[in-house]
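Submitted below is the structure of interest, expressed as C-alpha cells.
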Amino acid sequence: MMYSVRVFRALLISLLLAGGRPGLAQFVATAKAFPRTTHQVERPQTQQLREVLNQFKIRYQVDILFEDRLVSDQLVNPGVIDLSASLEKNLTKLLKPQGLRFSKVKTGVYVVLEENKSRKQTSMADINTLPTAVAASNEQPQSVQLGQFQPKELTLTTVDQTINGRVTDGTTSNGLPGVSVVVKGTSRGTTTDGEGNYRVNVPDQNTGSNLTLVFSFIGYATQEVVVGNRSSVNVALVSDDKTLNEVVVVGYGTQNRRELTGSVASLQTQTIKDQPVTNVVEGLTGRMPGVLVQQNTGAPGNAPSIKVRGLGSISAGNGPLVVVDGQPLNSGGLTNAGGLNQLNPNDIEKIDVLKDASATAIYGSRGSNGVVMVTTKRGKSGQSRINFDYYTGTQQVSKKMDMLNAQQFAEYSKEAFNTAYLERVPGAKITDPNSARPALLRYRYPRGEFPGANFDDPTSLTSYDYQDMIFRKAPISNYQLSASGGTEKVQYFISGNYLKQDGIIKKSGIDRYTVRSNIDAQLSSKLKVGLSFSPSFMAENRVNSDGHWASNGVINAALSLPPFMPIYQANGITYNSQAFYAAPYDWPGITNPVANITEVDNRVTQLRLLGNAYAELSIWKTLRYRGTIGGDLNYLRQNQYQTSAIPLNQLLPPNVSTGSAYTNQNINWVTNHTLSYTLDLGTTHHLDALVGLESQRNDYEESRVNANNFPNDIVRSVNAGTIIGGTSYRDQWSLASYFARVTYSYKDRYLFNASVRRDGSSRFGQTSRFGTFPSASVGWRVIEEPFMKAVPLISELKLRASYGLSGNNAFRNNDGSTNNYPAIGVLSKDNYVLGSALANGLATSSIANPQLSWEKSRQTDVGLDLGFFQNRILLTVDYYKRITTDLLLEVQVPTLTGFSTAVRNIGQVENKGMEFALSTRNINGSGAGAFTWTTDLNISFNRNKVLALGPTGDPIRSGTGVGETNITVIGQPLGSFFGYRQLGIFRDQTDLDSYPHFADSRPGDVKFEDVNGDKKIDANDRTTIGNNQPDFIYGITNSLSFKGFDLNIVAQGVQGGQILNLSRRFYENLEGNANELTTVLGRWRSPQEPGDGVTPRANTRSTGNNNQVSSRWVESATYFRIRNITLGYNVPRPFLQKIKVQSLRVYAGVQNALTVSKYLAYNPEVSGYEGPLTGGVDYGSYPLARTYTIGLNLGF
C-alpha cells in the first residue's frame, strides 16, 4: 500500500469534516501506526494497544496506567511480543515504535509516558486543537486516495504561553511521573516526566483568570487548579486509596478489586505506620467491617484477638487463619493473631481479610473463621532507597479505679464488723468495747493490739494509693532501618527493627529484634526465583497482673489491700505478705502488691525463624508454574522464680521458694505447587484458572521442670533447688490438600468465580479424614451496561453473591489445651500392681471415634458496591449468613465404656449480619498544599445463635474459677452469662417477708428473682443474665492535610454487649476485710438510709449469698474510643535538597487518647477467659496504656 501527501491531506480534510468522530479518529491512528514506505507492502495483523496493555496487566499481575489520548485507537503488531520474556522487555518493544516509553512507579505499577520531547511529535492532541466551528461539523467523511505526505504542510495553532511546574505526592513530596495535565475545556495537555515535571503550551485565547489545569492520575484524587497570571504551577496530589483498580491478595494469587466477587477487607499499612503499635493487629482496630479486634490486655508483647463475623465454634477455635506471603502459619490460639505479634509492622505492605466462603473456601478446612492475608514489602527496580523511621514516647495508665481512702475504709469496715457482731452474738450492743467481742468480730484491724489501725480514730490513719505504686510512666522506643532497590534482574528489600517497650506495670516489658530480607531474581526470560527470610527475637519480662485473690494477681492485690497498710519496711524491703498481712489479719487473701512484682521473676524469650522460597516458571505464554517451600520455627523458653516472701497460693501459707524451667518448640513446614493459566479472547472473554497441591506438617514438643526449697534467692536456676517434678509432651499433625479455582469475566461486566479444595488431615479418623470444600460466586458490574451512561451521578455499581463451604480442623480440650488426636484413643502414664509392687505402665485416657470429622460452615453472602461522583463517595454493603454444623463437642457416654466423655460431631451455630463501609473524599483542594479531607466509616452487625447442642440439647455450663459463670443454650448466643437476676435490695422486714429469699437473708441483702416461680430462691433460679457479644461495632477515620501538614484521627467503638466484672466480687463484697470501690458508699445502711437500691449492707460474716454470680456484676460493654491522633509535617522539598535527603516527615501522636464508657474497671474490651464459652469475664486484666509519641520518617 502506497502512502503519499494526498493521503494525509485527504485524511485531514475528512477529519475537519467529521469533527473528531471516533471512527475516523481510529482510521487516522491506524495510518499513523505504520511507518512511511515507498513501496507496496502487505499490512500485518494488528491489535489495539489498549487491549495488549490490558492483557499485560493480567499476564504479569500488575497495574499499567496510561492516558487515553496516548493509546486511544493505536494499533500495534502483536508479533513482537514474547510472553515468556519480562514485562519490561515487552513494553519496550511495544511502546518504542509508537514514540512512547514506560516508567516503573512502584512494585507492580507501571505508567506509559511520551518519549522526552527532544524532537517534534505530532499527536492526536495536536490534531484535535482546531477551530471549534470546524471541529463541530457533522458532515460524514469522504472517500480518499492514499498518496504521499509531507508533514511540513500540517499547520498547528500558534502557542502564546507556556506553563510549567512539578507534580508531587502529597505525602512523600516525591515527583509523580505520568500524571495527566489537561487544559480544562480543551483537548490540549501533556503528562509529567519521570521526575514529575511538566510543560504545557496554552493558546492565547485560553489565558487569563479562567484558565484551569486538570491534574489526574490513577490512585490519586483529581485536582483542578486555576492558573491566573502564573507561568509556573506546582501541585501535590493526594493519594486516593479507594480506587477500584486496587489489587487484592486472595488465596494463591491476586485479583483486581473491580473484578472481585467475594467479600474482602483491605488495609494498606502505610496508614498505620506512625501509630505506636507493637504489632500490626492493633492497627486494624476499627478499620475493617466485619472484623472485631479486641485488645483484651495491655501487657507488652501480647497480641489482640481477631474475630471475623462472629463466633462459629465451641471447641475448635474462632481465630482466623493467618497467611504471610502465601505461607499459612500455625495460629496456636483460640482467637489470637497467629504469631503476628512477632512480625515487625513496618515490614508489612498490606493486609487483606477474606471473609466470605468464595474467598476462604480455597483454604478449605482452615477457612471457616476467615483468612488474614499478610503481604510484606518487596524491592523494586530503580534507584536504591534507604529509610529510617523512629519514634519515642511515654506510656501511662489511661484510667484508675476509684477506691476507698483509709478514713472511708475504717468507717465501712467498722460498720461491717458491728453488723456481724450484733447478728451473731445474742444481747450484743453496738456500744460494747472491742475488747469484749469475740476475736473474729473485733473491728480493730487487725484483731489484736496492732497500733496504727485503730478505727475508732480514722483521722489517725495514713492513706496509700497502691495503684500509683504498681503503675509507672513507661518509655517506648522503636527504631527501623530499611533499604530497597534493585535492577531489572534482581530486586531486594532488607530491614532491621528494634522495639523497646516498658510496661505500665513495673518490671514488665519487652525487647524485640527483627530482621527481614526479601529478594527476587529474574534468572532468565522464563524463570524467576525469590527468597524471604525473617528471624526475630523477643525477650519479655512478665508480671502476674491478672487473676483473682487466690492467684497472686498484682492488680487484684493493689485494689483489695486495705489502704492504710504500709508496703515497705524501714530498710526499704517489702513486707512479707504472709507474715505481716495475712496471718495477723486472719485473712489469706491479703498480699503485698509490690512484693507480687519484686519477689517474682518471670522471663520469657522467644526465637522465631520464618522464611520461604519460590520458583516461578513460564512454561508457555499463558501457562505458569510456581513452587513454594516455607518453614516457621518457634522456640520459647520460660524461667520462673518466686521467693518465700509471698504465698505459693493464697489458700496455703508459704514456706519455701519455688522455681520452674519450661521450653517448647514448634516447627511448621509448608510446600505448595500451582499451575495458573490465562486465556483472553479479545476484550470480551477473560479466563483465569488455577490448580495446585499443598502439604503441611507441624511438630510440637514441650518440657517443664519444677523445683522448690532453694537455699537462697541468689541462684535461681532449677538445679539449685529440690526437683519436685517434671513433664514433657510431644505431638504432630499433617495436612495434604488439592485445590482449584476458575475465574471468568465477560466484557468486564459479568463475573464468575468457583473454587474447590480437598483436604486430608491426620487429626481425624481414617473413614472421615478427607473433606471437600467448594464455593461459587457471581458478580454483575451494572455500571458497564450501556443504560448506565444515562446516570452520570453513579460512577460504580456492582452486585455480588456467593455461596460456599469451609471448615475448621482444630480441636481443644475443655481446659483449653490443644488436642491433635481427638479421633483416636490416647495413651497416658498409669500405674499397675504387679504382685505387691507398683509398676509403671500406660493406659488409654480417651475413647476413639474414627468417624470424627471437620466442623463445616455453609455461608451465603450478598453484596453491593456503589460509587457516586467519580467515586468520591464509595459504599460497600454486605449481608451474610453462616451456619456451622458438626461442631466438635465432648458429650457424656455410658460409664460401661470406661470413660465419662467422648468427642462427637454434634451441634450447630448460626452467625448472620450486615456490614457497611463508606469512604468519602469530603474536600478535594486544588493546588499544592490545598486542604483535603477524607473519611472512612464502617459499621458491622452480627447476631450469633446456637441452633443445636448434643443429642438431648442440654445446655453447656462453663466456669471461670468461682463456679459456673457462663451457659450455652439453644436459641441464645454462645457463652451467655449465667447466674441470679438481681431485682434490688430488701428495703425492710416487710419487703423481705413479701418475696422469696435465702433462709439467712436480712433487710439490706440482695433481692434475687424467683425465676421458676417455686416460692424459693435456690440454684434452679439461675438464668441467662447477659452476653459479651455486641449489637454492632464501628470505626471512623478522618484524614486531613494542608500545606504539608497532615492530621489523622482514628476512632472506634462497640455498642451493646456486657461484661461479667467478677473483680467486683472482691472490690464490692462489703465483708470489711479488703478495700472496696467507692460505689460501696451507696450501700444500704438502714431502712431510713436504703442507699442506691443496688449495693447491699456491710457484713463481715456474710454467708456469701449477696456475692453470688448475678446480674449485679454485669456491666455494659458499650464504649467509644479515640484510638489514635497523629499530626505530621512534611518538610518542603527546597530544604530537603539543601540537606541532601529525599523525604523528611516529623510527627507527634497519642494512642488511646480518650475512652467514653460506663464500665467501672480499666478496659471495656477485656475478656480474661478468651474461650468462646467464657468470653467477657474480667478478673483484673492488665490495663491499656495511653501513649504519647514523637517521631520522624527519613528517606535517602
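Cβ coordinates are placed from backbone N, Cα and C, and glycine is handled just like the others.
Note: TrEMBL annotation is automatic and uncurated.
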If TrEMBL is the reference, give me the range from 184-208, 1084-1108 marked as region 'Disordered'.
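Based on what TrEMBL states, region 'Disordered' spans 1084-1108.
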By DSSP, how many residues in the domain 'TonB-dependent receptor plug' (257-371) are helix, how many strand, and how many coil?
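Tallied per class, the domain 'TonB-dependent receptor plug' (257-371) gives 27 helix, 27 strand, 61 coil.
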Treating G and I as helix alongside H, and B as strand alongside E, what does DSSP give for the region 'Disordered' (1084-1108) in helix, strand and coil?
3 helix, 2 strand, 20 coil
Quick one: mean pLDDT on the domain 'TonB-dependent receptor-like beta-barrel' (579-1152)?
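Reported value for the domain 'TonB-dependent receptor-like beta-barrel' (579-1152) is a mean pLDDT of 90.
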